[in-house]
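K.L.:
This structure is in structure tokens; I'll ask about it shortly.
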Amino acid sequence: MGEAIVITSGKGGVGKTTTSANIGTSLALMDKKVCLIDTDIGLRNLDVIMGLENRIIYDIVDVIQGRCKLQQALIKDKRFDYLSLLPAAQTSDKSAVTTEGMKEIVSELKQEYDYIIIDCPAGIEQGFQNAIAGADRAIVVTTPENSSVRDADRIIGLIEKEDMIEPPRLIINRIRNHMMKNGDMLDIDDIVQLLAIDLIGIVADDEEMIKAANKGEPISLSPNFKASISYRNIARRILGETVPLQSLEEEKGFMQKVKAFFKI
Amino acid sequence: MQETKPTITIKGTRDGLILFIDENSSFEEILQDLIKKLDASTPQKEEPVVSVKVKLGHRYLTEEQRHQLKGIIEEKNRFQIEAMESDVIPIKDAKTWLDESQLKVVNQIVRSGQVLETKGDLLLIGDVNPGGRVRASGNIYIMGNLLGIAHAGIEGDQEAFIAASYMKPAQLRIAEYISRAPDYEADGVYMECGIIDPDQNKIVIDSIKTLSKQRKVISAFERRMNNG
């Protein structure tokens, strides 16, 4: 019996989809059976970032409205045997999916897969309700910006009312170490203190991430980048490994190396 | 009148008159007697206004009856009713008082978009995050960070106050007063409280230490008991 994890944030553009793709890929790298679900109906992106756009035949709305079987709509990843994607529809809107339909799909997928990663749309409306409906756990993504933290706070409040196994966990994305050090960005400790949930990982802002996304290759595939290691660490923590929160120190250490390299 | 107890006894004190109203007589009787008694002494023009305290004993007066009584006393002579004291209150009022008197202890984080509202005093163990809101008809005590909006005395109690371990609120509201954070970036303050300063006619933030001087009676319930 697998576990469904929803990746959410409230605010748009903080990196939910990238995070979903990379956590899914990292889990697949560790030989887990993973299924990604894109619930951003009408604005699907996950297939693009995974580089699977051209393989879509059926989508989640087709499954819910009974035009195809679930297995037909699942797209197998080109790199891993046990990584699948259930794409969102591009032509319908979010009302085409119901919470009941979502729950059914997720529980069916849980029979076969170890992890179901649900990519949540921005906002707190129907799309969000659908995405969290079938989830057992939640990961909230935020960036070190006031507006994004504010929305994360709101989302955490909404998730806490749901019936989840544990309180949501936090990823702080797009960290620019030099800005954080100068106090131009919110501090990690301040964010964690305000949101009062467990930190599951931090990811540095990396130009490589944009390149990777454009190529349709999740960055976690190539171990040479710091962001890739961050995602892999997050995946290990999801598996229950205690990768000590040294990860924070690690990141800093790495950043210092980079700084030293550029003689800043 | 026979040897029965008089329905109305008037006592003079230094502060004014006290009207004792017999609790066993009917309301009509009292009104009639009251009119008689007051008519007996016609006021002189230059007489100053005398304040009157009405002691009702174990009698409960409806709002309408209170109004009637007040009308008679204040209209005929130049009396001013200072207080009407009754030893009894209806169960309904008692229950609302009880509700409002309770200190409600809540242990949660009030996050953005959430509203926590209570009757009586509120003790919140946890933070109020930016965008979060706490409201209470009495005082608000926060053992945590107040970063959102706190509104004490929502039913109009201007004596209510807001105390927090750490205060950097977006807004403080007490009764109908509102104060907001300054536009410049300011640090928060530790162990402070917000109260209405009647001299400046606005909400001021001051150290919790000064509170004992400004508010002798902290509990909203005690204040109501005293004020009737």
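Cβ atoms here come from the backbone N, Cα and C positions, even for glycine.
Below are the features listed in TrEMBL for this protein:
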BINDING   A:Lys11, A:Gly12, A:Gly13, A:Val14, A:Gly15, A:Lys16, A:Thr17, A:Thr18  ATP binding site
DOMAIN    A:3-160  domain 'AAA'
K.L.:
If you draw a 10 Å sphere around the Cβ of A:Lys16 (ATP binding site), how many other Cβ atoms fall inside it, taking every protein chain shown into account?
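P.N.:
Taking every protein chain into account, the count is 28.
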K.L.:
Could you name the residues, excluding A:Lys11, A:Gly12, A:Gly13, A:Val14, A:Gly15, A:Lys16, A:Thr17, A:Thr18, of the same chain that surround the ATP site, i.e. Cβ within 8 Å of the Cβ centre of those residues, in sequence order?
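P.N.:
Other same-chain residues with Cβ inside the cutoff are A:Ser9, A:Thr19, A:Ala122, A:Val141, A:Asn173.
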K.L.:
Can you tell which of A:Gly12, A:Gly13, A:Gly15 has the most other C-beta atoms within 10 Å, given these are the binding-site residues?
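P.N.:
The residue with the densest Cβ neighbourhood is A:Gly15.
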K.L.:
Relative to the Cβ position of A:Val14 (ATP binding site), how many further Cβ atoms are located within 10 Å?
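P.N.:
Excluding its own Cβ, the number within 10 Å is 26.
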K.L.:
CB neighbours of A:Lys11 (ATP binding site) within 10 A?
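P.N.:
Counting Cβ neighbours of A:Lys11 (ATP binding site) within 10 Å gives 20.
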K.L.:
Should A:Gly12 (ATP binding site) be counted as helix, strand, or coil on the basis of DSSP?
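P.N.:
Assignment for A:Gly12 (ATP binding site) reads coil.
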K.L.:
Helix, strand or coil by DSSP: which one applies to A:Thr18 (ATP binding site)?
P.N.:
helix
